[in-house]
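This report concerns only the one structure given below.
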Amino acid sequence: MSNLMPPAHPFDDDKLKEECGIFGVLGTKEAANFVALGLHALQHRGQEAGGIVSHDPEMGFNSARRFGYVRDNFTSQKVMETLPGPLAIGHVRYSTAGSKGQTAIRDVQPFFGEFAMGGAAIAHNGNITNANALRRELIERGSIFQSSSDSECIIHLMARSLQRNIPERMEDALRRVEGAFSVVAMTRTKLIGVRDPLGVRPLVLGKVGDGWALSSETCALDIIGAEFVREIEPGEMVVISEKYGVQSHFPFRRQPSKFCIFEHVYFSRPDSILGGRSVYETRENIGRELAKESPVEADLVCPVPDSGTPAAIGFSLESGIPYAMGIIRNQYMGRTFIEPTESIRNMGVRLKLNVNRALIKGKRVILVDDSVVRGTTSRKIKEMILDAGAAEVHFRIASPPTAWPCFYGVDTPDRDKLLAATMSEEEMRDHLGVDSLKFISLDGLYRAVGEAKGRDKACPQYCDACFSGEYPVIPADKIDDGFVMKAAE
Ligand code: SF4
């Protein structure tokens, strides 16, 4: 692994982590600069590495792929001058399936393929759940893989397609692929965006001047001054060119949408728009629902910063219990300890968060967090709050218990490492040592994201597999590796 990679956060292993963000621009001068800005706004979706491919009518395709943050790699004039042209796509990644812990630069997207009718570059967010089987089949038929990334399967499937143009070859390839994926791709003249048939991962369309942009989230459109046009629909492919504008196709069988409900809870930035509503507003609603479902007498509602903040505000507004910043986040921690030593690592949460003692002493405190994964951070935060003299500590969690791994492009611990997979709510309360612990119910979460009647058990409106164990796409490769699905009820 390159030593240029940013450090793993000392306690990041207690959160689910989104693995990728994608961005593309067509029809602006120096499109790669816009892509770099877009990727910077999507950095929360992946910090390990990033890449940009551009095309210029005279200079052809060019690419730059680097480990580390966008701001450290794609801000220098020297690098950006190598990426000329009016068309570019880019990708930020955490790490993709199959390469965890041993990432090579060849695994960093976008990937490029040269076909008889010209070149194409492709980047995706998500996970192909039959990638191992496809890879085996392609290798048996003579394909030579250069990376361990799922995206390369798409390039090889495109190479084998008999269709005449690249968008049609991509359609052919994606019909063979199972899983949850959003794709941005480019040819010499076209920008292409695709969402999987269930629309598990996000992708939005924006207008920037006379040109167009595709992005994982709307917050990245804002940074380049693009206007949000609409979400790409589940199963939709848009082929965008300067000549014909946006052409929409639906190459897959239409199916009910299964957007990732965790995007609302945690992954997306609070200033993004999802389903016509700001993520911030949805998180505030989650807090309100939580307060209705699980009230408790207390003196203060405090967020676990930063992701618990909107839900804590909602909880406070609904309950009438004052909101307070009982825990202060050290904004500069990540920059200060670039390579933490073991002794610093052991200081754990205290490096990042500090308790506002004067506020907490003698108070009954409700702590609102977005999720409990392993529970290690929650335990340490509880200790800090008690050390500061709190009279009682009550945890309220803005998602249901995370009891199942995600196989759709999110980094999750194995099932036996998930606290909720091995303990009941009461056992978790004992384990964390708090006065009370309550999670929002699945129905409450659905109400908060705008489904007034809650979750439709017969056909859930979202993917919620990490809570329910009901996987909308069978994780075929994982089952081959021994994963046991939940028994039908
Ligand atoms: S399993 Fe959870 S994190 Fe993964 S896509 Fe579904 S809702 Fe999102």
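Backbone N, Cα and C define each Cβ position, glycine as well.
Remember, TrEMBL labels are computer predictions, not curated facts.
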Legend entry - Candidate sharing the Mg(2+) site with Asp369, Asp370 (per TrEMBL), from Ser307, Ser436, Ser441: Ser307
Inset, instruction - Out of Cys20, Cys153, Cys406, which one does TrEMBL list together with Cys260, Cys463, Cys466 for [4Fe-4S] cluster? - result: Cys406
Inset, instruction - Out of Cys20, Ser307, Asp369, point to the one nearest Cys406 ([4Fe-4S] cluster binding site) in space (Cα versus Cα); all of them are recorded positions in the record. - result: Cys20
Legend entry - Mg(2+) site shell beyond Ser307, Asp369, Asp370, criterion: Cβ within 8 Å of Cβ centroid: Val265, Tyr266, Pro303, Val304, Gly308, Ala311, Val368, Ser371, Ile397, Ala398
Inset, instruction - Could you check which of the binding-site residues Ser307, Asp369, Cys406 have their CB within less than 6 A of ligand 1? - result: Cys406
Inset, instruction - Do me a favour and check the Cα-Cα span between Cys463 ([4Fe-4S] cluster binding site) and Asp370 (Mg(2+) binding site); whole Å is fine. - result: 17
Inset, instruction - Taking Cα atoms as reference points, rank the recorded positions Cys20, Ser307, Asp369, Asp370 by distance from Cys466 ([4Fe-4S] cluster binding site) and give the first. - result: Asp370
